[in-house]
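Please read the structure below before turning to the comments.
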């Protein structure tokens with residue numbers, strides 16, 4: 001026989017997978033109208049918008065020289081361009097560079113200002129978000145003729161004036177300055193430029209520098225304040241277009257998404273802000289996460305971690321369910337903020353049986369089918385690879401169960417008491433009628449015969465006797481007078497089992513209580529189990545005892561002598577020295593004592609039980625005189641049962 005290790009059926013896993021796939025991949029199938037049903041409805045929208053923004057972030061975060069995506073950030077952009085005489089005929093490349101940057105910043109809320117400088121500075125386009133004004137200024141820029149000295153500090157001064165004006169007007173946004181130069185700055189202009197750059201950074205602006213042709217790398221780094229915000233073009237003016245994408249990626253400061261967008265009311269949480277250009281700050285201490293509640297309450301939190309693309313901030317508790325909180329981020333210690341009003345909504349995550357709320361995310365469900373498929377494959381692989389275990393064959397059933405040995409049959413009931421005293425030995429169905437009483441009671445119905453014992457079983461018979469001398473176990477018995485002596489108390493006669501088949505049966509006398517009477521002869525027992533013969537007188541004698549009467553009669557006939565007394569239904573062989581048949585009046589069962597000269601074939605009787613005959617004194621005297629009177633054994637006609 002073979003058996004496999006217990007495992008979950010593959011069909012059950014496959015059925016579970018089929019049941020869970022439709023609600024996972026079908027957007028409109030996730031319907032729940034319990035306390036938090038709005039949570040799942042908003043999660044679907046939040047997941048789609050977050051996925052789109054993360055895709056844009058991946059497109060913008062590309063190495064230098066590769067095409068990036070447009071910038072969707074909201075801030076103020078200032079382009080400060082060099083139009084000094086050293087540019088000469090390469091102005092067209094500077095114009096193409098400016099035009100490429102303007103086209104990369106496509107957010108309609110982004111404001112742009114274009115400034116040119118040489119000996120003096122000029123504002124071509126004041127700070128505006130109007131696309132028509134931006135296009136007109138580009139046409140004006142294209143027709144400019146370069147001339148004059150390189151005084152970058154005057155161009156930065158024009159930018160700082162607009163930043164200051166914008167801040168006083170109540171618009172708090174981030175400012176980005178991109179300054180281009182084509183040569184080395186003299187000492188005085190360089191020092192003045194350094195001072196204007198510091199003023200811009202103090203107002204929250206981020207300064208990027210681009211050098212082309214004969215520029216000083218160290219001057220540009222000092223003006224920008226950070227080596228990462230400095231770009232150099234060594235291949236000439238024509239290579240300016242190659243730095244548009246990396247410069248856009250670096251200068252584009254924007255917030256792409258915030259997670260989670262739904263939080264549990266009255267619970268602490270953390271927000272992860274994803275974006276671009278988030279490292280455009282000199283120190284993490286200048287970064288602020290500002291939470292604005294609907295009741296004009298403002299809570300500022302410092303970030304616990306940040307890098308170029310993400311900021312992690314702890315969030316304040318939201319007391320009311322369904323309340324919206326806007327989030328903004330400042331990279332310059334609160335001077336300006338970036339973010340297009342990111343919204344965080346509180347939901348009821350509490351249940352009667354839960355101590356803490358749980359924020360459910362739809363993205364978790366995306367991994368459930370993968371997990372089920374993995375379990376299904378593992379289950380099938382296990383069933384195919386595992387070797388079946390061979391179990392030992394069951395033991396063969398026995399052809400025939402051994403028969404249980406039946407207990408020996410119960411002892412027969414003792415005969416009724418005669419006129420004389422005599423205790424009964426052994427159990428019986430009921431006491432016999434007492435002398436002098438009315439008619440005898442009806443006999444108790446006989447029990448069904450017990451199961452037959454094996455053929456070689458020899459039972460034990462107990463016969464009343466007294467201590468009449470020495471009795472051997474191999475068949476030596478006294479005469480009838482010894483068994484039924486008047487002076488002896490009734491004792492049981494015991495039929496003992498022979499040690500081997502075919503041996504002589506033995507008699508055991510129980511507790512002899514009287515002295516031995518004078519007996520004249522001994523008789524030997526033969527192995528016949530049916531009956532035993534006594535020396536029969538020349539003429540037959542019939543002796544009948546009535547248990548409840550005090551008389552008996554002896555009649556001579558041609559039949560063998562018979563002795564009647566009350567006993568049970570089983571035949572009981574008695575010693576061969578007896579010369580009579582003993583029968584009980586109620587059931588007429590006889591015990592025949594057969595002489596050795598009997599022509600009848602010996603038969604086995606039923607398994608004899610115990611017999612405890614108790615004879616009155618008159619009966620014992622009659623049997624004793626009978627044995628002395630008739631020494632010759634008669635021939636019995638046959639056994640009777």
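Just so it is clear, glycine is given a Cβ too, placed from its N, Cα and C backbone atoms.
From the candidate list 150, 167, 181, the residue Swiss-Prot records in the divalent metal cation site shared with 84, 86 is 150. Among the residue ranges 364-384, 385-405, 406-426, 427-447, the one that Swiss-Prot annotates as transmembrane segment is 364-384. Counting every protein chain shown, 19 other Cβ atoms lie within 10 Å of the Cβ of residue 86 (divalent metal cation binding site). Mean pLDDT for the topological domain 'Cytoplasmic' (385-641) in this predicted model: 47.
For the recorded divalent metal cation site, residues 84, 86, 150 set the reference point as the centre of their Cβ atoms, and the other residues of that chain within 8 Å of it by Cβ are 82, 85, 87, 118, 146, 148, 149, 181, 182, 183. Note on the binding-site residues 84, 150: the fewest other CB atoms within 10 A surround the CB of 84. Under the three-state DSSP scheme, residue 150 (divalent metal cation binding site) falls in the coil class.
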